[in-house]
Amino acid sequence: MADKAFHTRLINMRRDLHEHPELSFQEVETTKKIRRWLEEEQIEILDVPQLKTGVIAEIKGREDGPVIAIRADIDALPIQEQTNLPFASKVDGTMHACGHDFHTASIIGTAMLLNQRRAELKGTVRFIFQPAEEIAAGARKVLEAGVLNGVSAIFGMHNKPDLPVGTIGVKEGPLMASVDRFEIVIKGKGGHAGIPNNSIDPIAAAGQIISGLQSVVSRNISSLQNAVVSITRVQAGTSWNVIPDQAEMEGTVRTFQKEARQAVPEHMRRVAEGIAAGYGAQAEFKWFPYLPSVQNDGTFLNAASEAAARLGYQTVHAEQSPGGEDFALYQEKIPGFFVWMGTNGTEEWHHPAFTLDEEALTVASQYFAELAVIVLETIK
């Protein structure tokens, strides 16, 4: 079971990772450390040659049974740290500003605890220390490598700075939004700015398209569903006295329900093309699917709550986040459940002064160990 020495070890691992962050698909030293720490506990590491970074490990219980997976992401962000911590990043321009160092150390702790509880495991627990979550590419690599073959369910977490330590946010259904990107190119006819009647002004059309897109959600998506359309870049022209040939805009759409995700782009296309045509211009609409939404399987809600209760921790109804998470790609393949882990942080994710309370390390380690035991006892 967890004790002071265990907690101290988790802190040391987390601080080591924090001091030496590595960007997506560059987590070479991070991978070596994870392997070493697991090998020190005689935990089996699976050979997955398709993964150049990241670690897949496994603990088999003394009883045959299903295989479940627990995932932790391991990459950092291109951010200059401003925490002034004694263990602040030693890598210029790179920081664990989203707490993946916390996730990694915690789930190594879970593996350590479950290694001591093999007799209780009615099946196998596979640990996925995943690279490149920040660029939404790591989960795809893990799936392509076949790591989820034969796995019945997968579990994961994200630290939550606005929840106190010892509090876990749980809910069934949508938790994090789908993430998609769009581009719109408005093609007009360039000319002299003083003679606009001889041109087709793509900027004028673009302005109206921006306004028109604001109605896509409010007038086309159910008020019982959530969706956001954000235009984040608009570009046109190179000179103050020339009407350009075209204008461009791009942005992101966030949704929680599949129905909304499917409906939004067609409404956007109709608005863009219709308004452009009214100005005598043409609109070319492009849609780039990025990530689905995190959808928690309600089958595991009771287990997620029971694990916390057994340990004396509190669960609360998790608030949805419009952020994206490539854990959702696993959930497209197998059932899964993702939780918020309270860390009582000072700043939100991706902030250069992001910190968290290290007391949450042991909480997270214990929680996922208990959850694994319960799920393997109850999974159909």
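A Cβ is built for glycine as well, from the same backbone N, Cα and C atoms used for every other residue.
Feature annotations, reproduced from Swiss-Prot:
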| type | residues | note |
| --- | --- | --- |
| BINDING | C98, E134, H350 | Ni(2+) 1 binding site |
| BINDING | C98, H100, H158 | Ni(2+) 2 binding site |
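Here the C-alpha separation of E134 (Ni(2+) 1 binding site) and H158 (Ni(2+) 2 binding site) works out to 13 Å.
With respect to their backbone Cα atoms, H350 (Ni(2+) 1 binding site) and H100 (Ni(2+) 2 binding site) stand 11 Å from each other.
Neighbours of the Ni(2+) 2 site: apart from C98, H100, H158, residues of the same chain with C-beta atoms within 8 angstroms of the site's C-beta centroid are D73, G99, F102, H103, E133, N159, W349. DSSP assigns H100 (Ni(2+) 2 binding site) to a helix in the three-state reduction. For C98 (Ni(2+) 1 binding site), the same-chain residues that are 6 or more apart in sequence and have a Cβ closer than 8 Å to its Cβ are A76, L77, E134, W349, H350, F354.
For the binding-site residues shown (H100, H158, H350), fewest C-beta neighbours within 10 angstroms: H350.
In the three-state DSSP assignment, the secondary structure recorded for E134 (Ni(2+) 1 binding site) is coil.
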